[in-house]
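Here's the feature list from Swiss-Prot:
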- 53: active site, nucleophile (ACT_SITE)
- 111: substrate binding site (BINDING)
């Protein structure tokens, strides 16, 4: 068997997430249906680096899969790209070592989160940015987000009921920028891994701090206590993008 790695992007609006689930449309299912056709009716399972939730988008999701024969890489990419639905794009395909694993190989992920501060909101971006029609002190958000950098136990920023035991993660980049032209806030987080709904919970908390309904040092309290109830609400999924995955050499 030959192992292939692919970089894909997708519009998450009409997907119930990346991972295959019964009776709903998922990214994994659509790509596996295409690979079934390209592999003469033989089933092919794909493995993704990140399991994005319903409504979450991706610029640079990474998958791997095995095929029984060597393929021309561009023809394989083209076949996948043209035979998957229009809301999936296959950007690149390459052959990798047999032991490469998209999820378990050591890597860093970068997520981006777009917040539309417009009043009224931009209707053309309703599926691609989370609307927050309240005042936000940008300087306060900028100060608060710095507290998330470094290695911490992020228990207070994950969804309750998660089965992951070790909730210590390292965030190497946590920034926020303001696009004065669009009125959007652009949050960027890079880390060694993220817990379930962690990014959305961090953004929801930062927006509440920026709106003056939480103090900046609330971040410290959440990190120290691990108490989810101290954090802000979970931001909607439509503003979240899996931007890039970089593997260690």
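Easy rule for this one: first residue shown is 1, then count along the chain.
In case you wondered, yes, glycine gets a Cβ from its N, Cα and C as well.
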Quick one: Cα separation, residue 53 (active site, nucleophile) versus residue 111 (substrate binding site), in Å?
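Cα-Cα, rounded: 13 Å.
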When you measure from the Cβ of residue 53 (active site, nucleophile), how many other Cβ atoms are you left with inside 10 Å?
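Counting Cβ neighbours of residue 53 (active site, nucleophile) within 10 Å gives 17.
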Which residues does residue 111 (substrate binding site) neighbour through Cβ under 8 Å, counting only same-chain ones at least six apart?
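Looking at Cβ-Cβ distances below 8 Å from residue 111 (substrate binding site), excluding near sequence neighbours, one finds 188, 189, 190, 194, 199, 240, 241, 242, 243.
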